[in-house]
């Protein structure tokens, strides 16, 4: 009953001390040394007050660490130390195993989790979101300008569909209706609408070039429609985006015009096959863009300059009041030029097949020809091939130089194969020499030793049973000669005695 008379903070402190003191030494939860030092300092401060004992010597590092932790609390009151002890234990209470001491502590502490009012939290979040609603819903003006500038620099604005601009226009108008309260946002959105209108006006003549299909024949004998603009990346970069290429293909399929190819009339089925083959000829993947060499960038720049000039002429012809026949004839001339630039003077499927056969030894896929707007490399591929190659502004020179490049590549391959053959022959010769040496060594080891020794060595050869390195005759001479010398000396002495007598 004494525990009930104690203050609540002291009861909690005593229960927490029991939990720490009864932790199993090899249990699932093991507090760190820093945590135990903190509990020790709070315990000493709560039970004995401030630290007033001398610091241990250097030979007691554990005592020094405990003294430092205790003395760091300074003049902290006992009640505050008890409360800090319990608060630190609450942080690790969930990770400790449940025992009787933990249950007792939970009963003494009670529910110590923080209660959160969900309704208040929701209203606070909504209040915060209303403040940023204008910024989150409307794109900034600078971002829109940067997007338009990036599209103009990359050349994607030419083939950018007008539907997207109209969709953005509708979205911006909806944003104006929603945010009538903020005058600055309305002005920014009106500026965006005006910018999108300018983009739409700027892209209308380009849309006419990329989507319009005049049905008149082309002067160079190629396909009479805008096949060059939807077939290469020099015009609207449509092959880099598969969706735009599909839209161009659908537009060509629904156009309903008659295609004139080398003086023959083909049906809509032939036109669809031609368009699909131009987009999917020898391509490993529709999403990949193949680049033969670094020289393509210069060619692309030249063709893009040519197309920009042709588009400017189209805009001038569209702005000046002229008859429909003049505009159509002017468009036909421009489309004929661009057809030559994009296809290099191809005269239909036959010339493309010739281009494929020409490129097969060089191991270059025809997809790069279609995707980069490069046509046949053969100078005699069609009737209109000479004109575009001379007037393309940069691609023609590169196309004309591809023939010597192909020959140089073939010569390099032949030289490499000849060197490889020489190296293989030298390796084979060395291998034969090595095999001959190995065979001779094997034969020499297989021959008996009598054929390898000279007659003198054969006579001096020691027997197989002799264990020493010295020959048998040498050993016999070394053993016999003392006896022979002694016998000779004895004979000499006997003869001398006879003479004296």
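All residue numbers here begin at 1 and follow the chain in the order shown.
Placed from the backbone N, Cα and C atoms, the Cβ positions cover glycine too.
Annotated domain 'ACB' per Swiss-Prot: 9-98, in sequence order, evidence recorded as sequence analysis. Positions annotated as acyl-CoA binding site by Swiss-Prot: 20-29, 40-44, 66, 85. According to Swiss-Prot, the feature region 'Disordered' maps to 173-405. If you look up Swiss-Prot, you'll see 176-195 marked as compositional bias 'Acidic residues'. The feature compositional bias 'Polar residues' is assigned by Swiss-Prot to 219-235. Annotated compositional bias 'Basic and acidic residues' per Swiss-Prot: 236-254, 266-283, 328-366, in sequence order. Marked as compositional bias 'Low complexity' by Swiss-Prot: 376-389. Sequence annotations record features per position, and here Swiss-Prot assigns transmembrane segment to 465-485 based on sequence analysis.
Overlay of Swiss-Prot feature records on the structure.
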residue: 20; record: acyl-CoA binding site; contacts (Cβ under 8 Å, 6+ apart): 39, 89
residue: 23; record: acyl-CoA binding site; contacts (Cβ under 8 Å, 6+ apart): 29, 31, 96
residue: 26; record: acyl-CoA binding site; contacts (Cβ under 8 Å, 6+ apart): none
residue: 42; record: acyl-CoA binding site; contacts (Cβ under 8 Å, 6+ apart): 73, 81, 82, 84, 85, 88
residue: 66; record: acyl-CoA binding site; contacts (Cβ under 8 Å, 6+ apart): 37, 40, 41
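Counting every protein chain shown, the Cβ of residue 29 (acyl-CoA binding site) has 10 other Cβ atoms within 10 Å.
For the recorded site, residue 42 (acyl-CoA binding site), the DSSP three-state label reads helix.
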